[in-house]
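Copied over from TrEMBL, here are the features:
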DOMAIN    B:100-314  domain 'ABC transmembrane type-1'
REGION    B:1-20  region 'Disordered'
TRANSMEM  B:40-63  transmembrane segment
TRANSMEM  B:104-126  transmembrane segment
TRANSMEM  B:138-155  transmembrane segment
TRANSMEM  B:187-208  transmembrane segment
TRANSMEM  B:244-266  transmembrane segment
TRANSMEM  B:291-313  transmembrane segment
Amino acid sequence: MKAYKKIVAALAAGAALVSMAACGTGSGSSGKADANKITVAWWGNQQRNERQAKVNKLFEAANKGVTVDGQFSEWDDYWKKLSTNAAGNKMPDVVAMDYSYLQQYIDNGLLVDLDQYIKDGTIDTSNIDDNVLSAGKIDGKTYALSLGNSAPALIYNKTLTDKAGITVPDNMTVDQFIDISKQVYEKTGVKTNFRYYEASELLEYILRGEGKQLFGDGKLGASEQDVEDYLNVYQQGVKEGWHVAPEIFAQIKAGSVEQDPLVYGTDNAARSWCSFKFNSQLNAMQAVLTDGTELAMTNWPSADAKKAGYVKPSMFFVITKSSKNPKLAAKYIDFYTNNEDAVKTMLTDRGLPVNSKMMDAIESSLDEGDQKSVSYLNDVVIPNSSAINPPAPAGATEVNSTLLPSIEEEVLYGKKDAATAAKEFVEQANDALASAK
Amino acid sequence: MSHATATLPSSARNGSGAKTNGLSFRKEGALRALLHKESVAGYVCAFPFIFGFLMFMIVPMILSLWYSFTDYNIIGEASFIGLDNYVEMFTQDDLFWKSLGVTFLFALVSVPLKLVFALIVAMLLLRNSKASGFYRAAYYLPSILGGSVAIAILWRQMFATDGVINQVLGVFGIDSKFAWLGDTRTAIWTLIILAVWQFGSSMLIFLASLKQIPAELYEAASVDGASKWTQFWKITLPLLTPTIFFNLVMQMINGFLAFTQCYIITQGKPMNSTLFYMVHMYDESFTNYHAGYGAAMAWVMLVLVGAVTLFLFATKRFWVYDEEA
């Protein structure tokens, strides 16, 4: 009996030891034992995930003994994951960063200053335009390297509009856009999605067209009237039947390229003839359509295309403070930007390559979608655009991910009219912006 | 603790070997006496749990209590703001009240329904036929799978405009294009049905206690001419009340803490009519980066669940059969 008890005690102690040892190796995986391992995280769609995985393989092949652990999520989940990683000081070494979150992560001291790696030549920026570099500069320090340029683009079903005999012109006004939406609905039964339940870029864009800035200094730069005009489009659309009903959106994941009403759904009532996206997303959307439908793009509607239009660093790579191998991480960023094979693999997935020499290298490998994307940026947007708004303040996250979507929802469901909703939104948004300061 | 884990195996080995050195014998003797105490073996065996409980329950709870008084935003430093989070919750956050209402509706409707269902199925499966083993397993399955993401996605497809539900209705001549998940009146019910469908674990507990009811009671009752129906109300149900009570408390707590169904299927849509408290808390914490506020919400929920459980215990003496009384 006593011997039995002794064995139990020894076993239990052994088990405890093993379990603690297991913990040890778990946390050690990002520790000193792996000087040759980096983790890279990004958000994206199927196409990007495949291409990025190939680039990671190329980097491993070019650097003997190095392993790259790629982690991808959809946009929504990505930011949740990243924030919890940041809380645990376990952020991946290299993370994709969006313009709208950049300021927050810098303010909280989570990013590494890249200037040291640019100075010592680890990241070669000699072929990158100064304007591109300055997009990732805050207070004179380079925290982020832009991976490509993109611009807001109204991606639409050209096969459908051609069949209906409707031409979609560049530089539309909002009224013209509504008019076309109505025509499409009357002739084909296919409806419209006015960037419902997504972040505030469209509202921001329309405001820019009127010379206003959505996120001012600590408060909303839009008046109640501005917001009401914007929400009116939904109110009118749902009343007249040409906007996709909110019930449809309850069944899909908002913001997902693969489930966008432009490419997803079979019933006309659940489809949209267009989608408010960015030009770099054209190819991913086209890839979902296997029935020969052709997509095309133009700029978003606004009162003044030149004032409203802008070129945006489509995303950045940054190195995090929790990285154990910042030097290797810097090498990865350099490889991604300057290695010909890497650039040829990603093509225009994150917008046009920032390395000007690479533009010529990839020209021949661009497929039709990429070429459309390039010519849209070069011919439609760049000659007809103005400087991008400064990075959004911290409170903008709440406005983008909660306040605006839910106010749009209340208007679409007819729970509130545009005027009441606008008043409420302006109040809530100002609260959010003030409290996050 | 590392001291104990390091010395235990070696001393156990020495203890069984020859005792050569008098000095170490005395020391080891004391150690052996200690090790042979009943309570020490108990603590050693319970150590993995105690360790886990402290590290993964108590410490995080204390931290979250602290965070609930701060403006912690996950990615930055937390600073103390007193009761601001709690004040904001009760006075300014409409969604707090909305989600609380939704969660109460969900728990108060789905739990009794689930228990009734579990009891009915348990009664049906009580008979010992060859197939009953299979059916018990089959009906238990949903309660294992029900909380999973895969089932949640399946549910979303079933209730979609072109989903199975509408197609089945079509077979019966009802041409339905109804968006079950898109209508504020029906969306919450799809989640309630999903919860009721997971009646398996309650059913198993009912089955076990149904078998405990002495057969003599039924025999005596039928001799006295009581119908099956009377037997159910006069014998089965009263003797089951302790089990019903147990199931009720457990399922209520689970009901208030429901998360997955809402997060995957509806995300609170439409118009927050399905916004569970836990999902609102999650959104505040991780989407809006208001983790301090989220922590405060968690503590309010803890108090509420505690209050509901206490209330249930207080009602116990009015309806739960107690053999000793």
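Each residue's number is its place along the chain shown, starting with 1.
The backbone N, Cα and C atoms fix where each Cβ goes, glycine too.
Just so it is clear, the model here is predicted, and its values are computed rather than measured.
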Surrounding residues of the transmembrane segment (B:187-208) on its own chain - C-beta under 8 Å, 6+ positions past either end: 102, 105-106, 109-110, 113-115, 117-119, 121-122, 125-126, 136, 139-144, 146-147, 151-152, 155, 159, 180-181, 240, 243, 246-247, 251, 255, 258, 261-262, 265-266, 269-270, 273-274
The transmembrane segment (B:104-126) in contact with the transmembrane segment (B:244-266), cutoff 8 A, at least 3 CB pairs, sep 6+: yes
Cβ contacts under 8 Å made by the transmembrane segment (B:138-155) with residues that lie 6+ beyond its boundaries: 121, 125, 190, 194-195, 197-201, 203-204, 260-261, 263-265
